[in-house]
Amino acid sequence: MSVIAADRKPASDRKPVSDRKLARAAASSDRRFAAISHALLILWSVIVIVPMLWVLMSSFKSTGEILSSPFSLPDHWRFENYANAWTDANIGKYFLNSVIVVVSALILVMLLGAMCAYVLARFEFPGRRLIYYVMLAGLTFPVFLAIVPLFFQLQNFGLLNTRPGLILTYVAFALPFTMFFLYSFFRSLPHDVYEAALIDGAGDWRAFFQVMLPMARPGMAAVAIFNFLGLWNQFLLPVALNTDQDKWVLTQGMAAYASSQVYDIDYGALFAAIVVTVVPVLLVYCVFQRRIAGSVSQGTFR
């Protein structure tokens with residue numbers, strides 16, 4: 001009797017049958033949800049990857065091969081398509097213009113956005129919330145509504161059809177998002193570190209650049225990548241504000257190259273130009289994708 005009593009579990013440790021059934025049903029539901037989610041992700045990956053692989057494969061074909069056997073491997077790998085796109089279509093010049101404009105705008109917007117977000121997040125002064133909401137409203141302002149005022153404004157300042165004018169326009173439209181993204185990072189930083197820097201003799205500028213800004217490096221990296229992707233693919237602003245062909249960016253050059261070859265299209269060179277346009281974006285995202293995901297989740301929880 002004592003052995004039976006010892007092996008018998010207390011009533012409080014035994015789960016009712018209904019609870020076990022609910023647990024099994026929940027586990028089964030989770031498995032079904034995971035299976036459906038993975039299937040949808042695989043389908044989405046196929047939809048995205050297959051066209052990209054087709055474009056890459058077609059960039060090494062001749063026009064005849066692309067039209068006769070679009071889904072086969074190239075009979076002869078035509079690397080000269082990239083040379084034709086780079087020189088004959090001036091993709092090389094447009095690529096350099098895009099690098100100059102985007103990198104310059106990115107440096108300015110990251111510096112100004114970080115300073116603005118830091119001041120609004122760490123200092124108390126009259127009108128702070130008003131400035132924050134005005135900057136936030138810039139996220140909802142459609143770009144096309146500002147095209148005409150921007151055109152005349154840049155024309156009055158002598159910045160129309162110039163790289164500095166396009167850079168300043170890029171900065172103006174990327175600044176609200178940068179400030180909004182970095183605001184939560186600076187608010188979450190410990191105030192004791194800032195006070196310790198002041199006690200050690202650092203001024204506000206030195207404390208910002210040498211102490212607080214390095215601590216917000218994950219957020220800075222993520223927002224820099226998002227800004228790079230948006231500015232690199234920008235089309236409407238340069239088309240309206242940068243009509244000088246020598247200063248065209250890559251999106252303008254690609255549109256002009258695709259539309260100029262109406263009847264006699266060199267599809268191989270066209271696909272090569274597309275690859276040249278897309279590769280920088282893919283490289284940036286593939287290299288920094290973990291930092292993007294980590295920074296976004298970190299900023300969300302903060």
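The chain as shown is numbered from 1 upward.
From the backbone N, Cα and C atoms, a Cβ is placed for every residue, glycine too.
What Swiss-Prot records for 40-60 (among others) is transmembrane segment.
Residues annotated as domain 'ABC transmembrane type-1' in Swiss-Prot, with sequence analysis given as evidence: 95-288.
As annotated by Swiss-Prot, transmembrane segment applies to 99-119 (among others), with the evidence given as sequence analysis.
If you look at the transmembrane segment (131-151), the same-chain residues 6 or more away from its ends with a CB under 8 A from one of its CBs are 116, 120, 160, 169, 173, 175-177, 179-180, 183, 236-237, 240-241. Among the features that Swiss-Prot reports, transmembrane segment is placed at 131-151 (among others).
Outside the transmembrane segment (166-186) by six or more residues, the chain places 101-102, 104-105, 108-110, 112-114, 116-118, 120-122, 132, 135-139, 143, 150, 154, 159, 212, 216, 218-220, 222-223, 226-227, 230-231, 234, 237-238, 241-242, 247, 249, 298-299, 302 with a CB less than 8 A from a CB of the stretch. Here Swiss-Prot flags 166-186 (among others) as transmembrane segment, drawing on sequence analysis.
Among the features that Swiss-Prot reports, transmembrane segment is placed at 221-241 (among others).
Summarising the annotation, Swiss-Prot assigns transmembrane segment to 268-288 (among others).
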Positions on the same chain near the transmembrane segment (99-119), where near means CB under 8 A and six or more residues out: 135, 163, 166-167, 170-171, 174-175, 178-183, 185-186, 208, 212-213, 216, 220, 223-224, 227-228, 231-232, 249
Chain residues in Cβ proximity to the transmembrane segment (268-288) (below 8 Å; excluding those fewer than six residues from its ends, i.e. six or more beyond): 52, 55-56, 58-63, 66, 78, 81-82, 84-86, 88-89, 91, 95, 221-222, 225, 228-229, 232-233, 250-251, 254, 257-258, 261
